[in-house]
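These come from TrEMBL:
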type	residues	note
TRANSMEM	31-50	transmembrane segment
TRANSMEM	62-83	transmembrane segment
TRANSMEM	89-108	transmembrane segment
TRANSMEM	129-150	transmembrane segment
TRANSMEM	170-189	transmembrane segment
TRANSMEM	201-223	transmembrane segment
TRANSMEM	278-298	transmembrane segment
TRANSMEM	330-350	transmembrane segment
TRANSMEM	356-376	transmembrane segment
């Protein structure tokens, strides 16, 4: 682009700018990447719209859809900007996943070779090494994705005994516990908890220990718990009825979309598999432990930063960024207020069955958990899910 775009000043309504002020650099590349990532992010509101159409037969049109999506997407930016003093400025808020992005950006723009004396004998440049790995990954991924899909779930134990229920429950990847989770597909490694290359070792060990405990708990529920666990799939993440079929929500809903208790009793209670049930319980425990952990270890720091914009001595990265002006906090406050108004309009103008006070409760739940969950993710690269407690609270409401 630096070789093609004209290098001359342009005057647009009194605003002067140059389309090609100099060579394309890493800062411009980074801001383009950030804008593309922010604009291409998947919106959870789409799941709301799909659930409304598929399960509740609600179609409110493009006006409701636009307000809902803008509200949910923009409100996060507003809260994030207000929470910078807690989640961005402190030196302890590392955000490990962003370090990978920084490394990629430097690799793309640093073409000169490295000094072997300081890189354990490596003389290849970051750029060349990045290209070699990218090309090798591109060709390799054809193997597990297209040529040999069985390499995605290398469950050799199930191949040996395909009709053995116990073996499939223990070693099966799709409907079992997935013991010995061998895979030759990098997407299978990094899809759920992120790449292990960008997660700190202490977090990986913590997660691994938790998985072992959950495996033991799941086996206890499956073989010693309620009788329905014995005939439901061990690890299927679905809701089941008493006939071991996917739960049909339309059979228990009244025309006004409330639960018909008579139909519910005549049809079936909602049943969950052993792993799914334990996962729900552990999700509640995760949120409670998140609040207690952050409160005990970071509570005084959060309280101090709530009243002081800069309460610590800036580290080297913060000192480098101080030469750039921070976006005013009221900008983010305006974004939050406007998106809040959009969401309130969408929930009240259309017949969503959501009272105005329930919408405020939604925002309060997110506001309370935003900083604790953000701190956990900034340090461990793991994000505790908030969907479980919100589903429970609004199910009661």
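Even glycines carry a Cβ here, placed using N, Cα and C.
Sequence-distant contacts of the transmembrane segment (170-189) (same chain, six or more residues past either end, CB-CB distance under 8 Å): 137, 141, 143-145, 151-158, 195-196, 215, 218-219, 233-236, 275. With a cut-off of 8 Å between Cβ atoms, the residues of this chain six or more beyond the transmembrane segment (129-150) that come close are 104, 107-108, 183-188. Through the fold, the transmembrane segment (356-376) approaches residues 75, 79, 83, 86-87, 93, 287, 290-291, 293-295, 298, 302, 340, 343-344, 347-348, 382-384, 386, 389-390, 393-394, 397 of its own chain, all at least 6 residues removed from its boundaries and within a Cβ separation under 8 Å.
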